[in-house]
Amino acid sequence: MDSKEEAIQLITEEKHFSDDALAYFKTCIGGRDVGVNYHVISVFGSQSSGKSTLLNILFNTSFDTMDAQIKRQQTTKGIWVAHSNELLSNVDVNPEDKSDLFILDVEGSDGLERGEDQDFERKAALFAISVSEVLIVNMWEQQIGLYQGNNMALLKTVFEVNLSLFGKNKNGHKVLLLFVIRDHVGVTPISSLRDTITTELINLWETLSKPAECENKKLSDFFELQFVGLSHKLLQEERFVQDVKSLGDHFIMKDNEDYYFKPEYHHNLPLDGWTLYAKNCWELIEENRDLDLPTQQILVARFKTEEILNDSLEVLKSKYDSNVDPVIKDKLKLIQELSVLKTECLDMYDQHASKYVSAVYLEKRDELEAKIYLKFLETITLFIDSVSQDIFLQLVEDVNSESSKEPIFSKRLSNSTEVAKSKFEDIIEEFAAAKILSEEVKEEVVKRFENDLKETSDKLRVTALQKLITRSSKIINARIKDVVPQLLSNPDVDVWDRIMDKFHSIFSSTLIKYKLDDDTYDFQFGGEDEENNSTYKSIRVAAWKSLNDTIHDYLKEDTICNILRDRFELKFRYDDEDSPILWKNEEEVDLAFRVAKEYAFKIFDVLALIKTSDNVEVVPDINFHDSDEMYEDDLGIYHSAKFSHILNEVQKEKIQIQVRRQINVTVLDAKRSMIKTTTHIPLWIYAIIVVLGWNEFMMVIRNPLFVTLTILILVSFYFINKFDLWGPVKSVAQTAAGETIGTIKTKLRDFVLEEHEKTPKIQSEKSNSDSEKVVENEKS
């Protein structure tokens with residue numbers, strides 16, 4: 001186990017925490033699991049007070065020390081850390097019992113090099129208190145009783161910030177403040193010096209601005225105090241070494257009441273955890289502004305430079321609108337005008353503010369420049385938005401141009417995007433080169449444009465992809481509608497095999513130009529594999545939907561009935577040579593009926609379910625249904641809505657009944673026609689007619705009137721039959737007959753009415769005659 005490691009700079013003088021700290025600690029412990037068996041000691045005090053020398057002697061470290069014979073100056077810069085297992089003491093320690101010690105050498109306070117800038121020494125002191133178990137406060141005996149000399153002002157600030165940052169999280173944790181009084185000659189006893197320092201610290205603690213949760217806390221709740229005097233190193237070297245050994249005993253002798261490594265001082269973190277804790281503490285301390293206490297010069301400089309900044313900015317604003325508005329659409333004039341305004345504003349600030357503290361002057365100048373950039377950004381943004389819109393319009397036009405020399409969309413889009421980006425960056429670079437646009441704003445504007453450009457490119461790609469999907473789907477749909485109904489109109493038992501072969505052939509031929517050797521697809525839109533797969537699936541879904549709709553729309557109940565009836569009639573009415581069949585008897589009709597019926601219904605089950613000739617149901621290789629695979633019919637019965645299911649049981653039964661009725665009618669018609677063709681007048685009837693009608697026939701021939709009438713009748717019959725005028729003749733005959741019957745009915749009605757009217761008159765006259773006779777008889 002190495003007892004000594006070269007020190008590294010844990011925190012630089014520029015306040016950066018080392019990224020190599022954890023690796024250094026691991027190197028120090030050599031891969032051992034030390035757990036929490038380690039200790040952290042820090043030293044704090046004025047510059048050139050011998051802090052590094054004390055640490056090197058006490059802990060056997062190798063921190064750089066000042067050579068007083070050459071020059072008294074700053075030696076330790078920042079905060080350094082070293083590892084050791086050795087302690088100078090009067091006690092021999094077993095090597096296995098030695099702890100790993102990490103010693104922090106903190107840059108001295110009140111140094112000439114930093115002057116009034118006390119920011120780092122405050123933060124370094126606060127960091128040392130926050131991460132250490134023991135903080136050695138190194139001071140000269142003659143500094144005791146002073147306020148600045150013994151760092152009381154610094155400790156006050158550190159205590160206040162320590163309470164605000166870490167006070168509520170202490171949970172009983174304490175830090176040992178070990179005051180090492182150098183060059184103690186013994187005139188003033190240590191007890192007296194201890195009382196003086198303790199009183200000063202208690203009084204200082206009472207004056208602190210404490211947070212509410214620490215209002216009643218005492219100094220002893222956070223810190224324990226120990227005091228040690230060391231003789232003069234040069235004048236009393238032997239006594240000095242002995243005093244250091246006695247000091248080392250307190251770090252080793254655990255049974256000693258004044259043992260310095262008490263458990264309540266430890267942070268109880270493993271070494272890698274302590275490293276992260278230390279880094280977080282430094283970041284928290286670095287961000288805290290309560291430690292940035294400016295000097296009076298800085299306060300004045302800040303006030304005056306702020307005033308000058310505002311005046312300069314007001315002058316710029318007063319000229320801004322009148323100078324900028326007329327040239328806002330002219331890039332070159334706009335850049336020139338903004339540059340002039342910025343130069344005038346900064347020159348005015350420089351003229352009046354450069355006399356103050358340089359750091360503050362430069363800080364405020366940067367602030368003024370940032371405000372100028374912010375003011376300019378409003379105008380530049382308007383100009384850039386207008387330019388961006390023109391660039392995007394040109395991009396869309398170039399990408400969608402049909403006259404482009406680049407046929408592949410992805411390359412066309414990529415080339416157009418690069419042109420648009422380059423054009424925009426050139427414009428922005430002109431503003432940045434004129435220093436009227438900060439680098440941060442430039443990067444932000446370019447990033448925003450790139451985001452908008454990506455969004456526009458993505459939209460163009462999505463639109464083009466959608467067009468491709470739509471175009472491919474339409475092509476596939478049209479070809480499916482040409483092929484599938486034709487195959488289904490004259491189906492065979494292997495109709496579904498042929499339809500599926502056609503379907504896959506149509507799909508493959510449509511997308512063949514996008515297919516790669518590994519059976520994947522690249523639609524040449526510059527998308528990733530996932531986007532190409534999504535496009536392929538969309539086209540595949542559209543193809544399956546088209547096939548599904550075409551089949552299910554075509555194979556309705558009536559269509560299937562017609563297909564079955566046509567198949568029946570084809571087999572029933574025509575022979576194998578497509579010639580009409582003339583039946584001789586009913587047995588032939590019945591036989592043909594059975595054969596044709598079997599032939600017709602052979603295809604019925606094939607049309608009811610989409611399956612291959614191997615009796616395997618066809619299942620789409622992609623899900624394209626938007627709803628459940630069940631639907632409810634008008635009767636409230638649920639049926640499958642799968643692609644392969646054409647007919648349910650109810651529909652199948654309905655179709656069978658309807659087809660049977662239709663083919664039965666066809667058979668009856670066939671039997672009737674057979675009876676008509678077989679029923680005729682016997683030949684002997686014609687012989688009897690000739691024998692019996694011979695005289696009448698001769699009479700007609702010998703009579704010119706009968707001959708002429710017969711010729712007219714035969715000619716009329718010929719023309720009526722030739723031109724198929726039987727319908728009109730029949731209509732005329734029916735009309736004439738109707739007119740004749742109507743006339744006869746009218747005449748009969750008139751006759752009956754006349755008779756009815758005559759009868760009452762006769763009866764009346766007869767009655768009158770009878771009454772007259774009765775009267776005459778009565779008179780006589």
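Cβ coordinates are placed from backbone N, Cα and C, and glycine is handled just like the others.
It should be emphasised that the depicted structure is a prediction, and the values quoted were computed from it without experimental measurement.
Going by Swiss-Prot, these are the annotated features:
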BINDING   GLY45, SER46, GLN47, SER48, SER49, GLY50, LYS51, SER52  GTP binding site
COILED    440-463  coiled coil
DOMAIN    35-265  domain 'GB1/RHD3-type G'
REGION    756-780  region 'Disordered'
TOPO_DOM  1-680  topological domain 'Cytoplasmic'
TOPO_DOM  726-780  topological domain 'Cytoplasmic'
TRANSMEM  681-701  transmembrane segment
TRANSMEM  705-725  transmembrane segment
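The average pLDDT computed over the topological domain 'Cytoplasmic' (726-780) stands at 69.
Of all the binding-site residues listed here (GLY45, GLY50), it is GLY50 whose C-beta has the fewest other C-beta atoms within 10 angstroms. Neighbour density for SER46 (GTP binding site): within 10 A of its CB lie 21 other CB atoms from the protein chains shown.
Same-chain neighbours of the GTP site beyond GLY45, SER46, GLN47, SER48, SER49, GLY50, LYS51, SER52, judged by a C-beta within 8 angstroms of the site's C-beta center, are, in sequence order, GLY108, ASN138.
Listed in sequence order, VAL43, PHE44, GLY45, THR76, ASP105, VAL106, GLY108, ILE136, ASN138 are the same-chain residues six or more apart from LYS51 (GTP binding site) with CB atoms under 8 A from its CB. Local packing around the Cβ, expressed as the count of other Cβ atoms within 10 angstroms, is greatest for SER52 among the binding-site residues GLN47, SER48, SER49, SER52.
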